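Input: a single structure, listed below in structure tokens.
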Amino acid sequence: MAQKVVGLILAGGEGRRMGYQNKGLLPLQGRRLVEHVVARIAPQVDQLYLSANRDLTCYESLGLPIITDEPQWEGMGPLAGIASLLPYLEANQQVQIVSCDGPLIPVDLVEKLAKALARLQREDAMIKAVYPVTDQREHYIYLQALAKDLEVVLPLLEKGDLRIRALLKKLSAAPIYFDEERAFINCNRPQDLEALERNCDEKL
């Protein structure tokens, strides 16, 4: 891939469905969830950032630059995390978004999405982003786009439209098929994490 790729791990949420616990810091096989994510995504990108708004000291041990939400967007979810990263980016940098609670993301996620985006843009310049889809669902949070195109997040925040799907619509995003349903497991609830710990038949 010719362009430099920047990764952003989103870990700034409230963790409402997890009893307001900080999901990225919860243990799985003796390591924090976010550590599993870092291990998988870091080799795929040139620079990796982490978006977080609490327990910053705990996250600092990862050795990653930490981005906190700009005050005007505090508590406004994933779009706030993306917007707060933009000042650190160059216009033509490729940006890969991932979640702190997805410890099994594919090791070829960035490459596959980048190749698909380049191919689709040759066919239709209106397509500005891609994201994974599996047989059971679409995985919007794992979107990839150029930094300059992600600036459409700003007017969405200004009008209070905080849905990832709203951002994808603005970007005319296209779904890219992955056949690994399990790779996109998200630990949103305590039972999700317990089931993964219980059923995972490999050392992560």
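Note that Cβ sites are derived from N, Cα and C of the backbone, with glycine treated the same way.
Keep in mind that TrEMBL annotations are predicted by a computer and have not been checked by a curator.
The structure displayed is predicted, hence computed values, not measured ones.
The domain 'MobA-like NTP transferase' annotation in TrEMBL covers 7-171. Summarising the annotation, TrEMBL assigns GTP binding site to Leu10, Ala11, Gly12, Lys23, Asp69, Asp101. What TrEMBL lists as Mg(2+) binding site is Asp101.
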All-chain count of other Cβ atoms within 10 Å of Leu10 (GTP binding site):
26
Largest tally of Cβ atoms lying within 10 Å of a Cβ, found at which of the binding-site residues Asp69, Asp101:
Asp101
DSSP-derived class (H/G/I helix, E/B strand, else coil) of Ala11 (GTP binding site):
coil
Write out the long-range same-chain contacts of Ala11 (GTP binding site), meaning residues 6 or more apart in sequence whose Cβ is under 8 Å from its Cβ.
Asn22, Lys23, Gly24, Val34, Leu50, Ser51, Ala52, Tyr59, Cys100
Could you please provide the mean pLDDT value for the domain 'MobA-like NTP transferase' (7-171)?
93
In DSSP terms, helix, strand or coil for Lys23 (GTP binding site)?
helix
Once the chains shown are all counted, how many other Cβ atoms turn up within 10 Å of the Cβ of Lys23 (GTP binding site)?
24
